[in-house]
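Have a look at the structure below before the remarks.
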Amino acid sequence: MQTALASRGRVGLVPTMGFLHEGHATLIRRARAECDVVVVSIFVNPMQFGPTEDLATYPRDLDRDLALAGAAGADFVFHPEAAAMYPAGFSTRVEVSGVSEPLDGAARPGHFAGVATVVLKLLNIVQPERAYFGEKDWQQLAVVRRLVADLNLRSEIVGVPTVRADEEAAHAGLALSSRNSYLSPEQQRRATVLSRALRAVQAAYAGGERDTGRLRQAGLDVLASEPELALDYLVVVGPDLRDVPQLSDDPLNRVLIAGRLFGVRLIDNMPLSTAPVPAPA
């Protein structure tokens, strides 16, 4: 891989687990606009799945993925086998403490160690100047940024805003996700309760509310309309996912949600402020 990319200019990496959609295409197009060479990795990483999670059934369609990646501007697709990434005797796991521990870190033990390990391997293999991640996985983005900062890696991590279903769609506002394919059209429509709850929290914040308990309640009031939702968490946090009782006016304030709807685990988040988010130091 490094030999193929040598002397080609600025390299951008878009790491994915495949079953690509418009959210991934947005990442690829962003990389295309900013880099000389764009590499898309497709790897369903077994290390980030728990023993009862959907590794075996995670949606896959390589031919479709190759077509979408190429149409969006990818120059190379890196699609390794698990045995190549984790050969016999592989015994290293990368732990990013602190930011990886709450929320999905608590709900999915070992998940972020798997994420950090595979991201570090991909960054070492591809050696990109920039790597592009969706903000829909906000905690994952925070973990990857901490990993890169702590280990003095050369890659810049670029967060790209979440892509949502069009306003004309019955499921308007639903964050695009490969796991949405598990849901029927009607179930996807009902899954918009997550984004509606987040927008209710946004509205309360815009109205001047800074108490995190009352902000959270604004979202819970919306979620109460969906009896099939098993909520993992709805949290209002400051920078670095800090859970505080009272928010300051920080553009990094965020509301995050995760839960199971019709047996499918969904996550989403939104910024609370409409002010521009500063680039990470």
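Glycine is treated like the rest: Cβ placed from N, Cα and C.
Per Swiss-Prot, the features are as follows:
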type	residues	note
ACT_SITE	His24	active site, proton donor
BINDING	17-24, 134-137, Val163, 176-179	ATP binding site
BINDING	Gln48	beta-alanine binding site
BINDING	Gln48, Gln140	(R)-pantoate binding site
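Leu20 (ATP binding site) falls within neither a helix nor a strand when secondary structure is assigned with DSSP, and so counts as coil. Of all the recorded positions in the list His24, Gln48, Gln140, the shortest Cα-Cα distance to Ser178 (ATP binding site) is found for His24. Taking Cβ-Cβ distances under 8 Å and a sequence separation of 6 or more, the neighbours of Leu20 (ATP binding site) in its chain are Ile42, Arg64, Asp65, Leu68, Ala69, Ser178.
Checking the recorded positions (His24, Gln48, Gln140) against Val163 (ATP binding site) with a 10 Å Cα-Cα cut-off leaves His24. The residue listed as 'beta-alanine binding site' is 19 Å away from His24 (active site, proton donor) when you measure Cα to Cα. Cα of Met17 (ATP binding site) to Cα of Gln48 (beta-alanine binding site): a span of 11 Å. Cα separation, the residue listed as 'beta-alanine binding site' to Glu135 (ATP binding site), rounded: 18 Å. A simple way to gauge crowding: the CB of Gly23 (ATP binding site) has 20 other CB atoms within 10 angstroms, across all the protein chains here.
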